[in-house]
Every structure is written in C-alpha cells, then in structure tokens.
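Trainee: Dropping the structure in here first, questions after.
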Amino acid sequence: MTHVFEVYPKVNIFLKILHKEGAYHKLISRMCLVKDKLKDIISVKSALSFSLKGDFDCPLEENSLFKALQILKNFLKSKNFSHSVIKSLDTLAIEVEKNIPTQAGLGGGSTDAGGLLYHLNQIFDWRLSLEELYSMGSLVGADTNFFISQYKSTNATSYGEVIENFEEEPLENRLEIYAPNHVFCSTKAVYQAYKPETCFSQAKEWLKKPSLECLKTYDRNGLNDLLKPALLTNQALKDIESELGKEWFFSGSGSAFFRLKPMQKGGE
C-alpha cells in the first residue's frame, strides 16, 4: 500500500479577536485554501515498523503528525475498533516533503495533520464522520479542522476550531503568498502582545462578507487584529511590512503575507 497526497496552506482573509476566555482568545476568521506553488507532499506506506520522516523543526513528540496519530489511536480504541486496525498505525512509514513553513500563519503543521487524518479515514475506509474527525483535530491544534474539512473557504469561530463551509467563488487559484525567509512569529508571543482597542461586536456581519469584498474594502490592519502585535514583537517583520504595498495582507499571527495575483496582461 502506497498513498501520496498533496496538502496546501491556508490564509486568513480576516481575523478578528472577540475576547479572551481562559488562557486563549475567542475569534472569528475566514480561512481560504491557497493552491499555488507552496505545498507539502505526504506519502503513506505500509512497512514493518513505524517511521516519520521530513524536514521538521521540532522533536518527534511535538510534531503535529505524531500528535494526530496518538490522538487517532486513542479515539479508535474508545470506539472499540479491532486491535489489528489500531496496530496497523504502528506499521506506517510516513514521509513529508515539507515546503510550507511553520510559524508563518499558513497552518504549517496543522496542514499535514489535518490532511493525514482526512486521508487515513479514506484509505482505511473507517467511515468516521466529519464531526468525529473534528473532535480529534481540535485536540491537535486550532487550525487542523480547516484542513480536515477539505473546504476551500470557511468561517472559523470559537478558538478557530469550529469550522463552517462558506459558499463563495473560491479564491484558491487567485491568491499568492509571500513567506519571508527566516522570519518566524511565535503565536504565543503575538497573542500576549495583543491589546484590545475596542469591544468587537460585529461578528455576525463579518461572517457574511464575501472574501473578495473584504480584500477590496479593508487594508491589512483593518482585516487582521494580530498584525499590530506581530509588528511590535518582531523587528524583522516590521522592516519587511514597511516595504510592502497596500495590496498585501497578513495571515494568522504571521509571518506570511498574501495578495490577489496581479491581473495578467492581455486578459490571460
């Protein structure tokens, strides 16, 4: 058995913080898939023993794919799946050609974890529902459910893990990403530096806005509440941002930016 699949990054068209609840911030966001040059390629094979290979920037125990597999095993046990089904996860050889950067606001590790959970469910024909997959995804990381969903455009609420399909003309082929080299944003540091300016009360209105309308109406500061704190915590990012034109927007807690692809000459 060999299965190979591609996973693509997401961008946040808008990200608005509602309030802090416990240790984390409640938010609303529009997440869109971007199918451009940037992608990871994941290969899953049956082998004699488990292996996970890739150019990862963290120890195995902290890897999103590894975490997803542990959570999946526990879930299958709780649903009384057979011992042989659960053991089959211990003989997977998983290899990732890693191109999507982490700490960039693109869903770096969540992309792979969400894609893996979705595809393993298909490969092994477990017939787990989307809700069951979401229950696992939210334990891996807040963005993971977007990648499990396979939707092209979604509204994300709660801490980012509650996903709802947003019907609109997909922008997946119309956006391009700029991920600065060697500039990484710590999500934790950016959220800690966030200071609410006013109480945000227009969540319902924002969740109805088409993505294209958002990009044509607001600037990057108006769309993403995390841009200011990200610039405060990262001088290298601030230097880059100051050179960018108004057509660039900020994704997640950074450090990546994105824009609508410039219209090609000759109406191509």
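Placed from the backbone N, Cα and C atoms, the Cβ positions cover glycine too.
Found this in Swiss-Prot, in case it helps:
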- K10: active site (ACT_SITE)
- P101, T102, Q103, A104, G105, L106, G107, G108, G109, S110, T111: ATP binding site (BINDING)
- D143: active site (ACT_SITE)
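A description of the local structural setting of each listed feature is requested, covering burial, neighbours and distances.
Mentor: Secondary structure at K10 (active site), taken from DSSP and collapsed to helix, strand or coil, is strand.
G109 (ATP binding site): 25 other CB atoms within 10 A of its CB, across all protein chains. According to DSSP, G109 (ATP binding site) is assigned to a helical segment.
Around the Cβ of D143 (active site), the same chain contributes K10, M31, G107, S110, T111, G114, A156, G160, G252, each under 8 angstroms and 6 or more positions distant in sequence.
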Trainee: Out of P101, G105, G107, which of the binding-site residues has the smallest number of neighbouring Cβ atoms within 10 Å?
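Mentor: It is P101 that, of the binding-site residues P101, G105, G107, has the fewest other Cβ atoms within 10 Å.
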Trainee: At a 10 Å cut-off from the C-beta of T111 (ATP binding site), count the other C-beta atoms across all protein chains.
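Mentor: If we count other Cβ atoms within 10 Å of T111 (ATP binding site), we arrive at 28.
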Trainee: Compile a sequence-ordered list of residues in the same chain as Q103 (ATP binding site), six or more apart from it, whose Cβ lies below 8 A from its Cβ; state 'none' when nothing qualifies.
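Mentor: For Q103 (ATP binding site), the qualifying residues are F184, C185, S186, T187, S255.
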